[in-house]
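Feature list (source: TrEMBL):
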{"type": "COMPBIAS", "residues": "1-12", "note": "compositional bias 'Basic and acidic residues'"}
{"type": "REGION", "residues": "1-79", "note": "region 'Disordered'"}
{"type": "COMPBIAS", "residues": "19-34", "note": "compositional bias 'Gly residues'"}
{"type": "COMPBIAS", "residues": "38-50", "note": "compositional bias 'Basic and acidic residues'"}
{"type": "COMPBIAS", "residues": "61-72", "note": "compositional bias 'Gly residues'"}
{"type": "COILED", "residues": "344-378", "note": "coiled coil"}
{"type": "COILED", "residues": "427-486", "note": "coiled coil"}
{"type": "REGION", "residues": "525-591", "note": "region 'Disordered'"}
{"type": "COMPBIAS", "residues": "531-562", "note": "compositional bias 'Basic and acidic residues'"}
{"type": "COMPBIAS", "residues": "573-584", "note": "compositional bias 'Basic and acidic residues'"}
{"type": "REGION", "residues": "625-663", "note": "region 'Disordered'"}
{"type": "COMPBIAS", "residues": "627-636", "note": "compositional bias 'Polar residues'"}
{"type": "DOMAIN", "residues": "629-684", "note": "domain 'HNH nuclease'"}
{"type": "COMPBIAS", "residues": "644-663", "note": "compositional bias 'Basic and acidic residues'"}
Amino acid sequence: MSGGDGRDHNSGAHDTGGNINGGPTGIGGGGTNSGDGWHIDKDGSLHIDITEGNQTKPGPGKEGNGNGGDGSNSGSSNSVTVLGNSGYVNMAHAGVPAALYPVSGVLTISLNWSAITAAVREAIIGLDAYLGDVLTRVAPYAGRFLGIVIGSLWPSQIAPDPQLTYNLKDPQVDKDNPYSVIALPAELVTAVPVKDIPKNTTVPARVLAQAVIDELAKTRPVTITPVKPTPVPVVRAQKTDKPNVYTAQVVPGMKPMRLYVTAPKRVTPEKSQVMPNRTPAVKQYLSSPDESRSHHAILDFGGDHEPVYISVTKQLKPEEEKKQAEEARKEWVADNPAGVSKVLADLSTLINAKNKQLAEKQQTLKNKQAEFQAFLDKYQNAIPFVKNGVNFRERERTFKAEIDQINADILSIQKELTDAAGNKALNEKTLAELNEQERNQTKTLEEAEKELAAADAALSKARALVTEKEKQLAVKQQALKSKQAEFQSFLDKYQHAIPFVKRGINFKGKERDFQAAIGQLSGEVGQQEKALSDAMEKRSKAEGKKKAAEDKVRTKRDEKRKQPGTATGKGQKVGDKWLHDAGKESGVPIPDRIADKLRGKKFNNFDDFRKKFWEEVSKDPELAKQFSPSNKNRISQGLAPRARNKDTVGGRRSFELHHDKPISEGGGVYDIDNIRVTTPKRHIDIHRGK
């Protein structure tokens, strides 16, 4: 592996991988890294040796730390020099995170997609079908999603990161703001045909590379995840004055990224070609609280190169990652308390299965070691002729390789068991905390209503954000439409003009300017469409949280109705058409004669009060004569009388008791002067604010 101390350039700034061994239950650990070979020219220029996957091969070089060579390697290797003033260049391998620092505010990346063979490309694109198959077998828990475990996409024998990528002593290097970049074939990310991608401002993505939360490791890796259709902006990469060097506005608010793309060429497969894992490990992750830190784009190179998906994610300091992981875990538990028990049940099943698998592997190891020992006992001290006859050295190597592989499998299973045990302990602790909270639940109705008020405010904010994004999108769409119309008018006037006229107005230059402006606006429209989609998703979540808060308030109100109390109040005088106005205003009052019967009496709950109320009404001759025979029978049993059909709603067919001042606002549950009789329809309208 080329690399080394690098003439005081050794920064250790390299991309660390995530967990290799893992499964859908969230088990994972270990890690591999992406890497690039490098060397430094006499003039101090940094070169990155470009490869397939993240396997480093020698590239052309002049002097310094690294494999030089004459550049005679296959098309899977190339060398990238520092591009103008863009700073240092790092390689975005297919599906492997690359660490970047802004240099003079610019992120620079190299895409060597021409070196990817058809077989490698097919394998990467095939991940979509693989992830879809996994989702049919293992549905993620509510509030979670599956992601490819970092480091498991490419073989672990691929060389690790070099210790040099940037000179962090260079003041132009913004070492406090690292980014992670992942590039993928557009065909993996979207089902839109490649030829049609440039026609759109956004395309629906089915796979994204985005920041997620690993709750066990308390980290925030970037991983490839299947998602429901999500709009991704199509960004036109603008040509520069250097061949195959482009700029593209991927991260809003930053200077455009600088991109180096190798020229298209045929690549012949090598015998030792490194292939991506077609069935990489997957696990369940939590959603990162700051999804907006991952920026996505489909780069359109105007037909010079095939479109490429790119994801750029702002990296966090370890302490920030830990804090976010804890917050995400806390939020998930609050939203999905039942999910903790589900995770524990699945972990128990997994641990049992892995223990069985471990025992089988250990027995296989024991048998293989015994077989190897018997072979050694028989042939190790034999004469050379006999050894050659049994191919001793080759069989010895085979035995050792098989034993090494079994040991590796055992270590892998043991790692999964260790992580599963850690995950189980985490969820057992969480479940115990939830049970303790439930036992010590002292939240009042007022506290529940404060939660509802906060949820309502958050929803209002989310709705306002959607409105704002809709307006911003409309402005960008109009700007794009106007620029396209201006360009078309220009073409109509000069496209078929004679050469002299075209040269006089600098036709080619203006045409390029129009195309660049339209490409820029098209990308901005796509970004606004993505921003609107994100805002609408936040609004949906806020609506869900408000509904949950409303349910809590409703539950607390019901709890007050279930508490015992003593009736108070005087009631009011009523006439011989007492319930005729029950469908108007706030309903009709409790008759004073009934209030006299109920006042001072204790009731176990409000249902008990309601039953006694109607029984007393049935005993009052003046009131009872106002009811039909069937309703007289009902009220004598403590049941509310039936209302007219036009005053009913669905299954709510009987007169109801309504608290004029809501219980949540301090209205007395058993205060007769606070209770009105209404029809079901009117009761519903009252609570709707009508």
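Backbone N, Cα and C define each Cβ position, glycine as well.
What TrEMBL says about a protein is an automatic prediction, not a curated fact.
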Helix, strand and coil totals (DSSP H, G, I; E, B; other) for the region 'Disordered' (625-663): 12 helix, 8 strand, 19 coil
Composition by DSSP (helix, strand, coil) of residues within the compositional bias 'Basic and acidic residues' (573-584): 4 helix, 0 strand, 8 coil
Tertiary contacts of the compositional bias 'Basic and acidic residues' (531-562), as residues 6+ beyond its ends and Cβ separation under 8 Å: 230-231, 291-292, 335, 443-445, 448-449, 451-452, 454-456, 458-459, 461-463, 465-466, 468-470, 472-473, 605-607, 663-664, 669
Residue counts (helix, strand, coil, in that order) that DSSP gives for the compositional bias 'Basic and acidic residues' (531-562): 32 helix, 0 strand, 0 coil
For the domain 'HNH nuclease' (629-684), mean pLDDT (0 to 100): 90
